[in-house]
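So that you can see what the record holds, here are the features copied from TrEMBL:
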- 21-39: transmembrane segment (TRANSMEM)
- 59-82: transmembrane segment (TRANSMEM)
- 94-116: transmembrane segment (TRANSMEM)
- 175-192: transmembrane segment (TRANSMEM)
- 213-234: transmembrane segment (TRANSMEM)
- 240-261: transmembrane segment (TRANSMEM)
- 353-373: transmembrane segment (TRANSMEM)
- 379-405: transmembrane segment (TRANSMEM)
Amino acid sequence: MDIKGVGGMKAWFRIDLWKRVMIGLVLGTAIGLVVRYTMSEAEASAIGNYFKPFGDLFLNLIRMLVVPLIFLTLVSGVLAMGDPKKLGSLGGRAIGIYMGTTAIAVTLGLIMGTLLQPGAGFDVSTVSADDIEATRQRLESGGALETVGVFEQIMRTVLSIVPTNPVEAMARGDVLPIIFFAIMFGIGILLAGDAGKPVADVFNSASDAILKLTLLVMEVAPFGVLALMAWVMAQYGLSVVAALGMMTLALYLACGLHMLLTHGFLLKFVAKLPLIPFYRGVTDAQMVAFSTSSSNATLPVTMSVAQKNLGVKKPVASSVLPLGATINMDGTALYQGLIALFAAQALGIEVNFGTYVTVAVMATLVSIGTAGIPSVSLFLATTTLGVIGATPDQMLLILAPLFAFDRLLDMMRTVTNITGDLAVSTVVAKWEDQFDEKIYRAKDNVTAEIDRTVTHDT
Ligand code: ASP
């Protein structure tokens, strides 16, 4: 390689990673929008499809890390904690705040839906029969049209946490059973005492290696994000704004407020930390969440920024964040509140305060057992719509247009979901004395060198 090339590479790597990802995001969005609005929809979609495999390559790379990362770092995190009792207090606190922030999120969705009336004037008779049929098939294949009672819903979630075969859970990428097995295995190693020492060393070293690999994969993020954004924009453009303008505004506003007010309150008044380092530190993860629409796939990045930018130590990052990717979905829950009101307004269904409370409780419950993957909100929405008394046919009338334009809304929900996980993990880390405030406050904590040392305070 000539000197110029090497110099160029060095200059590129000297730019903070979050800035490079931002460049990818802005460029990808611009390319996609130009493609979408300078040619026919079919041509734009064909060009978008050239970008997609590159985006998928990045997506595969980060998804490749999810299972080994959760398993290895959580076992090593349990070992670092040294005492299973501490894990109980940490988990209890995390689950408590997760439930609280989720309930606030649904409430915010309900308030915004009341104020902005996103469903008023939405004419359900314009929904096409093809869209309705496609939605029916999607929902049926996801089992979302079965009616499940609250008790059954809770018991299904509880049972799904304990894997009968941990390897199968790993193969399926089911986060909660992997967390359960990793914690049990870590406790087993601790109880084995001296006999467990060799395997403990293996896990500690393997968890450092997988965190390094995560940093390496993140170097691909600017290009992956560019490709994903170019594909999304070429494919969908800003059509959601024309079709569901008020819904888009309500969701973006409510999510923005939730991240600023609810998460901000937690950090400022509960953890007593300045806010700027938090919002600066989480940017990389937010951009990956925005472009992938999947909190599960973003997990490696979330875990890496928590440790390297926010100063959350391994025992908390490795347990609270994977748990959050599944059980804490503030953006998703908030959207359930919005969908309830959108549907009530569009279908002319009367809702009262009691319905609001039931929607809040059900939305919090259903979002617990569901993995953070693209468009999962719309599968959960059948429960929410059931609460307000919509019939299955009415559900399809509401969900068909929402499915068609979901991507841009899903992106914002996913950002809110992972921001919530990161805020809660910071607060829990501070409470549990598993926090490095120097890292949190460091000005240049988002620098981009591949060979930076990962913080592993074991
Ligand atoms: N895509 C979101 C996530 O992965 C879930 C949703 O559909 O709201 O967090």
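Using the three backbone atoms N, Cα and C, a Cβ is placed for every residue, glycine included.
Only sequence-distant pairs (6 or more apart) were considered; of these, at least three Cβ pairs between the transmembrane segment (21-39) and the transmembrane segment (213-234) are under 8 A, so the stretches are in contact. Residues 13, 17, 20-21, 23-25, 27-29, 31-33, 35-36, 44-45, 47-49, 51-52, 54-55, 57-59, 61-62, 65, 69, 284, 287-288, 291-292, 300-301, 303-304, 308, 407-408, 411, 448, 450, 452, 454 of the same chain, all 6+ positions outside the transmembrane segment (213-234), place their C-beta atoms under 8 angstroms from a C-beta of that stretch. Note: the stretches the transmembrane segment (353-373) and the transmembrane segment (379-405) are in contact (3+ CB pairs below 8 A, sequence gap of 6 or more). Contacts between the transmembrane segment (94-116) and the transmembrane segment (240-261): present, as 3 or more C-beta pairs lie under 8 angstroms, all at sequence separation of six or more. Highest Cβ contact count with the transmembrane segment (240-261) among the listed stretches 59-82, 175-192, 379-405 falls to 379-405 (criterion: pairs under 8 Å).
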